[in-house]
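These come from TrEMBL:
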REGION    37-65  region 'Disordered'
REPEAT    203-237  repeat 'PPR'
REPEAT    238-272  repeat 'PPR'
REPEAT    275-309  repeat 'PPR'
REPEAT    310-344  repeat 'PPR'
REPEAT    345-379  repeat 'PPR'
REPEAT    415-449  repeat 'PPR'
Amino acid sequence: MELSIHDYGYVKNLSSSLQYSPTNCLTKFLNERQHPFSNPSSSLITAAKKKSPVPSSKGIQKSTDKHLSHILRSEAAIEAIERKANSTSVKRNRFSPKLLLEALDNAISHRRWESALKIFDLLRNQHWYEPRCQTYTKLLVMLAKCKQPMKASYLIEVMLQDGLKPTIDVYTALVSAYGYSGLLEKALEIIDDMKLILDCKPDVYTYSILINSCTKHRRFDMIEHILADMSYLGIKCSIVTYNTIIDGYGKAGLFKEMENMLTEMLEEDETCLPDSFTCNSVLDAYGNSGMISEMEKWFDEFQLMGIKPNVMTFNILIKSYGKAKMYDKMGYVIDYMTKRFIPPTTITFNIIIDTFKRIGDIEKMEEFFIKMKHVGMKPNAVTYCSLVSAYGKARLLHKIDSIMRQIENSDVILDTTFFNSVISVYGHVGDVKKMNEIFLAMKDKDCEPDSITFATMIHAYKTMGMMEAAQDLEKKIIKVEYNLDSRTRLIEG
């Protein structure tokens, strides 16, 4: 399906707008009146008379005086330590404190939890080692993000063996480890234990972490109990707490509960007024569900509260209008951004490119891809994934080859989703040779195949009547899963 000129009116001029060239096109969107979408009720506005501060920040470029060769030597040394930590025959002494600590920080920052714990074990066996709560906290936070609650609990025991007293940050990290893993009842038990420790009473941050875990796992039934517990302890919700609940309800499509929490935020807590995050969560909830009139109404409400839209707000509007096939309004938003000198981001262009991809307008999609590069925006894996998907549906395989050559000559970081998209295209057209080449390229780029990768390839093999190849791949998957399971049991043991 292609859009006609009538269908997307203003959209035909959007690419030139995004180059910040002067335009004579006057739109009524956010231009002729202060509040463009509707004439909203002001029932909630009186509770937010004060303008909430909107923090602004400028990018700060960090500079370093280190020479490249020194950096490379340091990185190589860190990698060597990590390899030694993973070796069973490594000696546990005579390691440089600086490099060992850097290796630990590197493993933590990249969430390589197994290596991090082994490096930490080496660290504890150094003669110069002094246990610090800060190190344990960093490890626990990493284990929480990696959903390793059992390892986190074990680390607490090691901490006690080192003679350290767990702090509130340590316990909060343990709560997050169980919470992010979906073990919410256990997380609640830890909070109950914290209540009995004099210097480790749970605070608003601890409860916010737990509430966030509840929203992630759709356990909204627990939120009321948690809020009641906070109230009993005299702990007031912070703006983060409110935003977490509002965002969680919105993503789950619980619009009544979302608005009730927003009303409570406005009427009962004058210290926690809505901010841009609140605004964007509500707009995205309605926009993503196709409830455009509600989205527009709340856009006006938040503007009357003094909350200025940011580029993320406009991205949400563009995405919502594109999804609802309201291309004229999508164009008005971009035109408004141009007139107010609000530069689009890579995400902005990705949303527009994806919109044209979904309706099969290859010409417009390519036009915005070119403009994206002209204004200095760097395409990423998401951008290329949209292009590949569109070309695949249109059977323009030569253009996919061109995209792959562009990527080869760039430093773009690809992900598994991108490779899955390319593999799916070649598998669908029956080009098994090309599909296998992409799969090998995936390994070369250190992208781990997932269940979608294998399922796509197996389906392609079976469709082409290559039953032996399909069965061989299935056997390899079973073997890999068995080895991973055995390795996990070994680690947990």
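Cβ atoms are placed via backbone N, Cα and C, with glycine included.
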Sequence-remote partners of the repeat 'PPR' (238-272) [C-beta within less than 8 Å, at least six residues beyond its ends]:
44, 47-48, 50, 204-205, 207-208, 211-212, 214-216, 218, 220, 223, 278, 281-282, 284-286, 289, 291, 294
Give residue numbers and ranges for long-range contacts of the repeat 'PPR' (203-237): same chain, 6 or more residues beyond its ends, CB-CB under 8 A.
168, 171-172, 175-176, 179-180, 182, 184, 187-188, 191, 194-195, 244-245, 247-249, 251-252, 254, 257, 265, 269, 271-272
Run through the repeat 'PPR' (310-344) and tell me, per DSSP, how many residues are helix, strand and coil.
26 helix, 0 strand, 9 coil
Three-state composition of the repeat 'PPR' (203-237), taking helix and strand from DSSP:
26 helix, 0 strand, 9 coil
Structural state census, the repeat 'PPR' (415-449) (DSSP three-state):
26 helix, 0 strand, 9 coil
Secondary structure content, the repeat 'PPR' (345-379) (per DSSP, counts of residues):
26 helix, 0 strand, 9 coil
Take every residue in the repeat 'PPR' (238-272), average their pLDDT values, and give the whole-number result.
92
